[in-house]
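Structure record follows, encoded as structure tokens.
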Amino acid sequence: MFLANPCKFSRSTHFLLSIRSFSPANVLSRPCKSLYEMFEPSGYTDSISRIKKALHPNVWSESVEMELDSLNIDLNTYVLNQVLKSLSNSDVAYHLYWWAESKPNFHHNHFTTKSVISLLTKEQNLGLLTEFFRRRKIGSGYQFHHSVYRYFISGYVRAGLISLAIEAFEELLGSDWGIVSVDYNRFMGVLIKNCSFHLLEVYYETLSRYGFCLTAFTYSRWISGLCEAKRGELVEKLLEDMDKISLFPDIWACNIYMDYLCKSNSMNEALHFLQSMVKKGTDPDLVTYTTVIDGLCNIKRFTDAVHLYDEMIQRGFIPDIVNCGALVFGLCNNGKVEIAYELLMEMLKLGVKPTVPIYNALISGFWKMDQIDKAQIIISFMQRNGCKPDIVTYNILLNHYCDKGMLDKAEALIRKMEMCGVHPDGHSYNQLLKGLCKANQVDKAFAFLSDHMEVGGFCDVVSCNILIDAFCKSRKVQAAYRLFKEMSYKGIRPDSVTYSTMIKGFSTVGHYTLAEELFDEMPKKGLTPSINLYNIMMHHLCKVGQYNQTQKLFSDMIARGISPDLVSYNTLMNGFRFHNKSNESLALYKDMRERGVMPDELTFRFLIDGLLRDGKSKVAYEIWEHMMENGITLHKEVSERLVKAINLENK
């Protein structure tokens, strides 16, 4: 049972909530310094020394026990406790404790028990700790002091033995001591740390009925744990419970919960919680505002983001780089560069120095909008303000030059980078390589790859994929295949993009055998073909009449977890209609609708055409009716054939 002894728990709870701490009986039951500890007679010093000497080997054995028995000393709890506290071996302390227990008229007190448990806990001697706990309780009617239970619980927690910690806590619940608020909160903290959320709810609901309350700190840690475990559904109830006792989470928990709401795109709830923070006295900080502003930008609520930024300024906050960056990056990434530029000007007025990444976001935004002059102004401005362009800045410029076909400027920029100490990286060289290929300067691109990039160690799978794609588009498939074969010699492993490009290239020029070989090779290399690649291969197989192989490939695609798309279904139906496979086409039509793939005009044309070829005009007419319900018009030639077939059937 959850409460091993409900009667005892009720009684102890009653004392805790009323007069227990003031009753004379309770005062007498509390542990206090013994007279031995206040005055240490010299005889006790001698007894302590003799016991320590007998224990000198620091290993318990029968000979040690015999020597202790022969000492003939007046053993009391003070003497024993002083010896126990001096020991460094928990095994020796454990056996000494039980040796003393066996002596006539000797009874342990709170201090001797606590000393043994303390050493066992310190040394993480969990086997003996557990044995001590069970042995001490059996038969003697002994009851641990309140603080001893705490030792047990903390020892088990540190060792990760949560089930034993729970058992000790329940023992405390059923004892005459009962629990106090600090015990409850500490124990709940243990469960929070170990993400024992189900047990947390059970203890929370049970103990709340007895009037126990969590502190704001414990509530805050619980809320944080729930959010980090992505179990925020309980947080709202905890907030309501806190409100009933005039508590509110601390700023740390508020920010974690705010982050959870924003990442869940629950922005209305996030804004409502932000207002609650202000009302309840837990003032939002820069982290709070940054989190919400970033969340609003992620769902493109830029007006709200800017308003919140203004509210933050009005409340006296001085924005930092992280805060400003969240808004600038969000605005620039979504084409709101002019607003981001105005924000930059405000930052400067407030004394905030933008970082290079913030400048880069604005430069990139203006380049994308073809506002070249403004981009150049930002570059000049950042340099005047002591921010040197970094590799990202140069790559933004390089990307623009290559996209616009300004290859002379791109090559000059690469040389400038090499000379001024901003070393181009793999992305830089791949951008130039892509620009050369885009301008149909494939031979020059190959020479650049061989003579410049390979020498510098910048040739990677992306570089090879760019050039292989350019070769295939120029119908230089043999050159592409040579580079494909050379990749392994260069220590570069082809990826799915490499194989897809080569297969498409071979298919384009009619080398289907090589395309099939590469396709079959992909799973052996641990690569999964894309949906587009499956569609290409199915189109080829249908074209050459290998319908069984096509259906096998279609099933293989589904087995690999790749959902067929509209092109997949249309490809198969187009092949089936010429070879009396209208039943297979109908099955595909049913399957695509069950998978939520909406048929288009081609789907109905191929399906109805196949049915008419197989003489199934009635079924074709039913499909046509469904087609009309979906607002799709049938191809004229197929429509005329359908009308003709229906008229012939009605004669």
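The backbone N, Cα and C atoms fix where each Cβ goes, and this holds for glycine too.
Unlike curated records, TrEMBL annotations are generated automatically.
Remember, it's a predicted structure, so these values are computed and weren't measured experimentally.
Taken straight from TrEMBL:
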- 215-249: repeat 'PPR' (REPEAT)
- 250-284: repeat 'PPR' (REPEAT)
- 285-319: repeat 'PPR' (REPEAT)
- 320-354: repeat 'PPR' (REPEAT)
- 355-389: repeat 'PPR' (REPEAT)
- 390-424: repeat 'PPR' (REPEAT)
- 425-459: repeat 'PPR' (REPEAT)
- 460-494: repeat 'PPR' (REPEAT)
- 495-529: repeat 'PPR' (REPEAT)
- 530-564: repeat 'PPR' (REPEAT)
- 565-599: repeat 'PPR' (REPEAT)
- 600-634: repeat 'PPR' (REPEAT)
Handout entry: Same-chain residue ranges lying at least 6 outside the repeat 'PPR' (250-284) that approach it to Cβ under 8 Å
Key = 216-217, 219-221, 223-224, 227-228, 230, 232, 235, 291-292, 294-296, 298-299, 301, 304, 308
Practice task
Go ahead and report the DSSP secondary structure tallies for the repeat 'PPR' (425-459): helix first, then strand, then coil.
Solution key: 28 helix, 0 strand, 7 coil
Exercise for the section: Could you put numbers on the helix, strand and coil content of the repeat 'PPR' (320-354), residue by residue per DSSP? Expected result: 26 helix, 0 strand, 9 coil
